[in-house]
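Please read the structure below before turning to the comments.
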Ligand code: HEM
Ligand SMILES: [Cu+2]
């Protein structure tokens, strides 16, 4: 359970940082009047939707951290045999990085009001993500053609399970992205609301890219190697 | 008023029930008297706290119940009181935890002289395996379990040939000799539970778990399953006899070894040979 | 008293949150069925939870009938008994308590208490309820599935849960259970995001975190925990579904089922247990923290006294929430995991007792020198303290690893967790329903029926579960449809079991009085007025009662003080509402 515990430490760290700004040590009964909420102070308060997405991503993060924990714990048993990583995975990774970059461009141009560029970048990101998903399916096919079926070994099971879970989250994102794209195509002067939506898409994609890189470290066996080295150093 | 009285009655009633209750743990038959003692310490500490809190509440309800014109005091907090209470609680908690951890470290430290025996659970019966004359249990695996080899003993392992197999029958143990109980399951989770021994541990298919104890009282004890294992869970019973040394030897002599059960394989034949 | 009104108001949120942004229902359907109003959603959540809770209650009667009078009821076979145990436990913990506290009370109280017009994402909030309802329906369907519902115990431990020796293991029962849980988690996450973000973002002008009622603190912290803990159950369920449907071996070692070698191999049942309890233990506090919060407010309001040590109460909630993530393996002391974990988890478990104890002290100290009105909500709050302290203290037995060894998996455990997370939170739920009933409906409940309900439920539940500890002490294991003829169990245990069953039946029937009261008083209760308990927090200050869509009419309230200004010296009344600008009162600072 080490991965999830480390993840929780990070979440708790954030929470503490936030709580530390909330005057938890004050004595509320001694105060009266229109107190200012510390989080409302300062320039632009964070938009609600962004906070919500941040929290949602923490939940998604916990989910994948738990899968990773399970992966490590299951890996300890003797029957573990990791399947080879299908080569197409590397191309997929590159495509997902490209999608993330495109979204970043979309978000920035949206902020500057250059809606035409933003629209194109968003469309490219969507298309690239679709290619990524197709690529993942190819990876599944390559694996099963080579006889690495789901039930043959838990390592295979994890491969399908983790890529599948990640893919489902990507699909969810694509739906939101699709709606944003439609809205973006319909609107001439871009509203703040819409800028925010593009930005949220970018945030979500970056996070899923990060998760994917984490999964890749697991699935390619680097994490296992790393642990093995650590153990050797320790003993 | 009624409320205060009822609260006091609840506290008193609980104590009276505890004192008069004929329902108490079974007389111990193992070396784990320390566990009982830790339990008693815990009973005392928690009993005092429970009574104190409830009686204090009853007093407050009685003394500060609403009366015409009464007004509550204004007291947002009291640093000192809260620190004191925290401190006292911490001491009470430590008083329970410390002996608990000490006994636990004994519980998980198996003495070297303990003899190993094995309990193999399956839906819904208890089987046992004793190491035989060489004092070593042969290898085993769930993959080897079959109709003729119900415990999955490895026929290729010489150490296993003289293992005594007790299938769906009672286990016997010699008194005053520490035993390390190795626990296996061939299907689902079970838990080898003899209330008089106090110790118990789950059996997990694919793993060998263990605990140790020394039987200190002769007699027959009932074995129950303490981890839900399917519809037969409540009926999965067995028996353990703690015998004097003599009786034990007599019983042991009448048992069959793995080799005897599995047919004409010479004991000690190189590699064990083609058991089947 | 310090006046903290800022000179420069630039950082203060606008006093007016325009109602315009609110979604306005256009038809009967969108007003009452597919409603996006948090209050309607709250009622829907609560109604569904209570309805399915009654199913669980009936199951508990059946189990008790079997335990009290074994062999009398032919239709309660061992299979049926295990199905009852499983469905009862799962429904009570997840579909009743979690849904009711967070989906029910969270939805109703958070927006009102923080001075918001609604949750921040009403549409997602609505979806949350409908997915929850779907989860409940899937669960109900499993009762009628071929082979019946799963009988794997609410812990659903593999390998047993998906094998033929367990009811529903090879049928649809376990699959529907897992699917239902997965749906529940998805639905909950949607709602949970709302509750958390509303507390962070939706608070009105002047409502700082330290001015929140403890109810909000409890629900808020519990929701954060649930958001982080439920993924563990999600992961466990998905992986078990794979094992069951696709033949993977995540949790399944090589084993023999009904004399046949299965193709599974190498998996780890303990892995499932870690995942399950990583969710399961925080879950205990997910139902406890809202209860803690609510009970604090009930006590303070009805004792006309500020909650003692508000700051400590807040800190304790946060500390308990965080610590509860590092105690999960105390459910696994005898699971066969590495014994050294026992030292660590016993220590963390007993440490968590300290902030919990502080909360108890502060509740009873709030009573001290109060002006205690023994109204029904207060009675339930007092009863909560008794049962919670009782159950919490037996937790010290089970948390202290070596004491747990003889007691684990006996009826002692069953008695313990019923006392601490069954009876105690349920008592708070009743207290809370009576407390907020006048706000929700505008009418008072019938006092006599409520008193009757209280006494039977409190004393009855205590009579069920206190003696049950001793059945466990004798050594009777849990999840046994009958103990049968067992040498170490004296016959008198059977008499005690029969007594417990009678008590359970009586308590069960008393709940009908509760339901009747709720419906009867809708019509016949007397008009309650907006603030019958003369309470300070915002929900009591709505312009109309029941609060309308958008809660506050034209102006959202502005908050000038914390939620506990009761019996302030020098004040004209024994309470000052949070939105009362209340000039000129001097409160002494504590020494
Ligand atoms: C009058 C009320 C209740 C009665 C009479 C009752 C009775 C029972 C009984 C007889 C069992 C089975 C014990 C066994 O054989 O192992 C049980 C199990 C259980 N109950 Fe209750 N119960 C009640 C309320 C609750 C509540 C409010 C909760 C909420 C937390 C709850 C949660 C559970 C759980 C989690 C189990 C364990 C299920 C399992 O072993 O898998 N019960 N209850
Ligand atoms: Cu069993």
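Just so it is clear, glycine is given a Cβ too, placed from its N, Cα and C backbone atoms.
Quantities reported herein were computed from a predicted structural model and do not represent experimental measurements.
Quick look at what TrEMBL lists:
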{"type": "DOMAIN", "residues": "C:23-560", "note": "domain 'Cytochrome oxidase subunit I profile'"}
{"type": "TRANSMEM", "residues": "C:42-62", "note": "transmembrane segment"}
{"type": "TRANSMEM", "residues": "C:82-110", "note": "transmembrane segment"}
{"type": "TRANSMEM", "residues": "C:130-152", "note": "transmembrane segment"}
{"type": "TRANSMEM", "residues": "C:172-193", "note": "transmembrane segment"}
{"type": "TRANSMEM", "residues": "C:214-242", "note": "transmembrane segment"}
{"type": "TRANSMEM", "residues": "C:284-300", "note": "transmembrane segment"}
{"type": "TRANSMEM", "residues": "C:312-334", "note": "transmembrane segment"}
{"type": "TRANSMEM", "residues": "C:340-364", "note": "transmembrane segment"}
{"type": "TRANSMEM", "residues": "C:376-399", "note": "transmembrane segment"}
{"type": "TRANSMEM", "residues": "C:411-434", "note": "transmembrane segment"}
{"type": "TRANSMEM", "residues": "C:454-476", "note": "transmembrane segment"}
{"type": "TRANSMEM", "residues": "C:496-520", "note": "transmembrane segment"}
Proximity verdict for the transmembrane segment (C:376-399) and the transmembrane segment (C:130-152), three or more C-beta pairs under 8 Å:
no
Can you see whether the transmembrane segment (C:340-364) and the transmembrane segment (C:284-300) are touching - at least 3 CB pairs under 8 angstroms, only pairs 6 or more apart in sequence? yes
Discussion item. Within this structure, do the transmembrane segment (C:284-300) and the transmembrane segment (C:42-62) have 3 or more Cβ pairs under 8 angstroms, counting pairs 6 or more apart in sequence?
Written reply: no
Query: Is the count of Cβ pairs under 8 Å between the transmembrane segment (C:312-334) and the transmembrane segment (C:214-242), pairs 6 or more apart in sequence, 3 or more?
result: yes
Checking C:82-110, C:172-193, C:411-434, C:454-476 against the transmembrane segment (C:284-300) for Cβ pairs under 8 Å, the most are found for C:411-434
With the greatest number of Cβ pairs under 8 Å to the transmembrane segment (C:172-193), the stretch among C:82-110, C:214-242, C:411-434, C:454-476 is C:214-242
Of the listed stretches C:214-242, C:411-434, C:454-476, the one with the highest count of C-beta pairs below 8 angstroms to the transmembrane segment (C:82-110) is C:214-242
Sequence-distant residues near the transmembrane segment (C:411-434) by C-beta distance (under 8 Å, 6 or more away from its ends) are 92-93, 97, 100-101, 105, 284, 287-288, 290-291, 294-295, 298, 376-381, 383-384, 387-388, 390-392, 394-395, 397-398, 445, 450, 453-454, 457-458, 461-462, 464-466, 468-469, 471-473, 476-478, 514, 518
